[in-house]
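This report refers to the structure that appears directly beneath it.
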Amino acid sequence: MAKKKKRVKKKSANSSAAAPRKKKKKKKVAVDASPTPRKKKRKKKVRRVAESQSEAPSNGAQANGAPAKRKRRATAQTMAASQRDISVSEFFAKNRHLLGFDNPRKALLTTIKEAVDNSLDACEEAGILPEIWVHIEQTGGDRYKVGIQDNGPGILKKQIPLIFGKLLYGSKFHRLRQSRGQQGIGISAAGMYGVQTTGKPIKIISKVSVRKPAHYYELQIDTKRNQPKIMNGKGDGVDIPPGEKGSKYIEKHGIEWVEEKSGTRVTIELQAKYTRGRGSVDEYLEQTAIANPHVTLHYLDPDGGTRDYPSSTDKLPPEPKEILPHPYGVELGRLASMLEEAKGMTVSQFLTGSFSRVTPSVSRKICEKAKISTRANSTRLGRQDADALYHAIQDTKISNPSTDCICPIGEELILKGLHQVVPGEFYAAATRPPSVYRGNPFQIEVGLAYGGAAPAQNVSKDLLNELLDETDARTCRQFLVNTFNGMGTEAADKILKASKLGTRQSPSKLTPKQRAALLDSMKNVNISEGQSMNVLRLANRVPLQFQHGACAITQSVIGNNWRSYGLTQSRGSLPKGPVSIMVHIASVWVPFTSESKEAVASYPEIQKELRLGLQAVGRKLGMYLRRRLKVRQQTDRREVFLRYLKEVSTAVSEINGAKRDDLYEQLVKVAKKRTADADMVMDDRGRKLDQEMDLGDNVLIVDPAESEHHINRVAAVEGDEEE
């Protein structure tokens, strides 16, 4: 009975513990039983919240309060079913901006650039003086047909579809020698862009000999498989017979071809925009003529205007030789792969046969530092051995690679090219000795032109009207700065002020009277001090026209102290004055910042050589400007003397009774002797020269009045120490 009583007590205790909660609920009900009109709304809200809370467990929550299990949106199996490989052509079709096809204007330039680069490489490798035809034709509102032909060796039939219809296919990627192309992407990517934007196939005709048939293909690229798709000749192209029969076939089918013994022509129709001025096709061809004086260019623009750039030399540049990679330029992963591929070779044989500048004695030193036998089998070395070998290579002194794999333009040809295209009164050139970055040899060349009329002063009325109609600039200042090389904002403001135009006025809305005023100001306003330096960047003889600020060349030009050479320069900007500077980097592997090959990466070794090359031509310019200033001062001084000598001689003759004419002649002789520097002819070091002296090939001084030039041969620039 006692036990039962205890149980009853426990129950009552439990019931009493739960009682307060029941009372609270009753109170709530009692309160809600007689609600006011305002409290009814609140009651409904409370019920809705309670209902939603009561429904929560049914949506996946467990009754004991555990978190609800959410349903997976995807599983490993469903994700694996959607995963597949991506071809390189499919990737670049979606990311064409990486290759320079991010806008119609650049697309036109990139297409022509890639085709011209291929033509120049083919002609030079075959030992043929290049002759190239560039034809641009407008077929619609924003559609252009581009045709580029060369007189090169031609292409074999089976190779044509692969070269023009497959990305990452070529002969230059694995060779360490100077060439314009590197990756095997350019021309096939241009064709892919044309197919994407117009649907028209790439048309190629190539001939290897007069006696053999020409091969004609119309291609598209299968982006999913990165393979060419031949559209004509039942999938095999068309062979055009040689002679008169072939000429009739070409004419009948409207195939574009300039009759040559051999060569290749590619025609691409694409969505593009043609403009003149800075960053245009016209500027690219002009700079190509400067960097390649052995090339003859024939250019037909969309307006029907023709322009020829004849070659200034009949000598081909020396053929660069292929070299083996330098040990300093090989990374650990690449070294391990090379060891695995070197079957049947000892470590010593591998080192001497796979790398340049590694002799048997050098390979022995490397093996001693790595604690590896020279007779060990290279394929049996493990990852730790490869790591030890890699660090031993870095610690061993190895001579720089051979430089016969690169081919600089040369100082004489730089002067000829600049003088032919860039107006000026003083020209200088400097070539730095070869250097190395990451085991890759490279060489820096710098050319400079000073003086001459600004490009804006040589513009005709018709050309200015065409440029104003074509421009997409929003303001007149932007039009002048973006269209004309070397035109700074200061010079643009001078021109606009003289023509009474606003800097923010739209160039497309100018009246004929305002256009005439602008042309008059461009021709008559002195903008030599308001100009900014025009920088021509070249890599392996190819002009670089975009991404100026991201390029190591532009950064080095801005970082150089041009004030010490007589030019004005603000901090962090290009110097002012009528100056054009050309910088060329030649290398077996130019370190571009992207696949579009528009800017050079900033390696410390490259920046150092750029700085020294710029200082070399800067010293020559500074000496010339200082001497020119001295000549000008002495000329002004002589003019003052001559202005008053007649009065002085008259006064003296009245005092002492001497003959006036004799006194005047004697005073003129004294004045000329005192101002002899006014008659001075100088070399690049500021030394006096006789006009009859036989002059050479490092500095070119042009007399603006007589249009005569003198070339002064100077020894290699001494004192390459940094300033």
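Each Cβ is built from the backbone N, Cα and C atoms, and glycine gets one as well.
Taking TrEMBL as the reference, the stretch among 225-244, 305-324 described by the feature region 'Disordered' is residues 305-324. ILE187 (ATP binding site): 26 other CB atoms within 10 A of its CB, across all protein chains.
In the three-state DSSP assignment, the secondary structure recorded for ILE187 (ATP binding site) is helix. Shown for the region 'Disordered' (305-324): DSSP residue counts in helix, strand and coil, namely 0 helix, 5 strand, 15 coil. Cβ-based neighbour count (10 Å, all protein chains) for GLN183 (ATP binding site) stands at 16.
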